[in-house]
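What follows is a single structure, written as structure tokens, with notes after it.
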Amino acid sequence: MGDGGCWPTMDLLRSEEIQLVQLIIPMESAYRAIVYLGELGLFQFKDLNAEKSPFQRTYATQIKRCGEMARKLRFFREQMTKASLSPSIHSERSTDIYIEHLEVKLGELEAELIELNGNNEKLQSTYNELTEYKLVLQKAGEFFNSVESKAAAQQREFEAKNFGEGSIDSPLLFEQEMTTDPSKQVKLGYISGLVSREKSMAFERILFRTTRGNVFLRQSVVDSPVVDPVSGQKIEKNVFVVFYSGERAKQKILKICDAFGANRYPFTDDLGKQFQMISEVSEKLSELKTTIDVGMVHRSNLLQTIGYQFEHWSLLVKKEKSIYHTLNMLSMDVTKKCLVAEGWSPVFAKDQIQNALRRAALDSNSQVGAIFQVLPTKEPPPTFFRTNKFTSAFQEIVDAYGVAKYQEANPGVYTIITFPFLFAVMFGDWGHGICLLLATLYLIIREKKFSSQKLGDITEMTFGGRYVIMMMALFSIYTGLIYNEFFSVPFELFGPSAYGCRDPSCRDAYTVGLIKVRATYPFGVDPKWHGTRSELPFLNSLKMKMSILLGVAQMNLGIIISYYNAKFFGDSINIWYQFVPQMIFLNSLFGYLSLLIIVKWCTGSQADLYHVMIYMFLSPTDDLGENQLFFGQKFIQIVLLLLALVAVPWMLLPKPFLLKKQHQERHQGQSYSLIDSIDDPLEIELHHDSHSHEEFEFSEVFVHQLIHTIEFVLGAVSNTASYLRLWALSLAHSELSSVFYDKVLLLAWGFNNTIVLIVGIIVFICATVGVLLVMETLSAFLHALRLHWVEFQNKFYEGDGYKFCPFSFALLTLEDE
């Protein structure tokens, strides 16, 4: 950590220095002080009124008012959503508005909108009723007209038949019908209306059963759905006319209509009155339609006006609510007429906070300025890293595992390089890397547009990690060039292959093999390896050994970082009794294996490393024979094995006893002190805290150290084996890519048919994108994530801190209401 000299501070390596601060703010300047601190966004307030309920706090009324304004804004948003309108992204901010004026304005707008909605609902209900009435008049009129015309035709037919035949009975019956007393004729009543089509069968059945068949029902289907006046929903309906006799039947029919939600409308059998009523209803419908349209235009204009200012108003209300919520976290000193605030702030922000407090006092014409003082504390401060749009995604990867302890070494610094590199080891293909790079460059070039839009969950996640994907793509191109794979096809990019055929005709290339005819291929895998019989054994050996080297290197890096953590916090016990034995144990076994791999590569030896490592434990004194790679190897193996055995008790035993001794020395002589000499309440609290954790459970510490030792010893083996996933996934990616190229693209090419070739190309593109660029990318990403979280970070990273969450207006736009 630099102190302002020639070395710059590394913002990501250690979290910013945070201090506990007390602010004493006069009442008259408290509101402006909170506003300016919110604009600054570098102060995290502590709740000093945690024991009080929300209703007991000082500014509960103001928060209630803000909640009411937020409710009105939600109501406006719902109305705009129903009207298919959206709030303007670029809200008008030409005129500043005070929150009191905004409260009045929102109330007026809500009242006007509610009135418009109420009037519109009434008019729409009346319009729907008249529409149904018109349908009843038309359908029932048609029914009555058809019945009357049929009755007249039957009457004429009956008369013609009777007079024409000259029957003896005819004059008598005709005379009897004509001489019947009109007062004794039964007059039928009728009820007309509309009923839902899905209920029409049940409606008819109930009518028949209730009246015992003493009704006549006639229904007519309405072609298009009708808007129901009660529910406001479009429903398919039938027009019905029920004929009945008697008042009791009428009452029963009315109750059934109410039960089935059938809307009844009056109807006359007078043809002249029917036409008059239809014309009157049509007139009223046109008038209502005009009135409703004018009302809807007025409502739409009002909602558009609200939409122009909506985002600005919403942000104002959120700010106001957050200001009073913060003020409620301050304790009030009634006698001194001031508010006391406590919270965390970065050390570098001291001058900025003091300037904000001075400006608040000046703008509010306060006679007294605010007081800024640093408080001593034993409470662990929050963790704060200053990140930018490039480093924030990498920091999120680390924070997803756990937030760093205060000023603990941050793995995010190393993750920027190691994460995309380990991903690329598993995804090595420079053709696929270019595809990923092009996709992420599109997101980066248009990031301003995408950042202002609301994206879906997956798209937003991809956009947030665009710089991580870019680094992954760049490293994939690099490792792809090393593997010499472009969609599984090798290229002689850095010169000709070092191998050639024994026979000029190359007939024996796949039987006898190739010989080295020129200098070694300068960069990466020689292209001639691809397609040969020994390709798979060679790449298997290369990638497996490379995975072990990378794994041991990263685990060593983790242990070395633990040394710098211990040195930073002044913990010499962890340096001598954790860092040193861990380095000895890991490198005595797997560091030595890595050395053997490098020596074997450099010397071209045929030694069996499996045999060497197994018999290093089983028979350390036996002669190595042909497996000896260098002079003195047996002696070195015995020494390393002894060191590994010594390192285990070195890790386990001394640390608990030294911690116990350290605890006893720290608290020796502190049991007695002059309480009268401590006047400051804060010092009394600190003195009390110093005695609150005096108990030292040696058994717990020893068991914890035992678990930690066993975990490290077993983890050294399992973590090294875990890095072999780099080999497995790299091999899988290479083989899948080769299968898609050979069995899809080349197979389609061999048919000499254009249609087959086009289909093959489409299948190849879909398989490459779907499997290799999406599924394999996700798979390699998750495996790289696991290697960082488990194998790398468990060597040094505690991750039990908590984030610095300052009061900031800038964060309000990112949060839901």
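Placed from the backbone N, Cα and C atoms, the Cβ positions cover glycine too.
Marked as coiled coil by TrEMBL: 99-133. Per-residue confidence over the coiled coil (99-133) averages out at a pLDDT of 91.
Positions annotated as transmembrane segment by TrEMBL: 421-445 (among others). Sequence-distant contacts of the transmembrane segment (421-445) (same chain, six or more residues past either end, CB-CB distance under 8 Å): 462-463, 466-467, 469-470, 472-483, 485-489, 546-547, 550, 554, 725-726, 729-730, 733-734, 737, 768-769, 772-773, 776-777, 779-781, 783-784, 787-788.
Sequence annotations record features per position, and here TrEMBL assigns transmembrane segment to 466-483 (among others).
Taken from TrEMBL, the feature transmembrane segment covers 546-564 (among others).
Look at TrEMBL and you will find 576-599 (among others) tagged as transmembrane segment.
The annotation transmembrane segment is assigned in TrEMBL to 635-653 (among others).
Same-chain residues lying 6+ beyond the ends of the transmembrane segment (755-775) with a Cβ under 8 Å from its Cβ atoms: 429, 432, 435-436, 487, 733, 736-737, 740-741, 744-745, 747-749. Annotation comment: TrEMBL describes 755-775 (among others) as transmembrane segment.
Remote same-chain residues near the transmembrane segment (466-483) are listed as 389-390, 393-394, 397, 416, 419-421, 423-425, 427-434, 436-437, 439-441, 443-444, 447, 493, 523-525, 730, 734, 777, 781 (criterion: CB distance under 8 Å, separation of at least six residues from the stretch ends).
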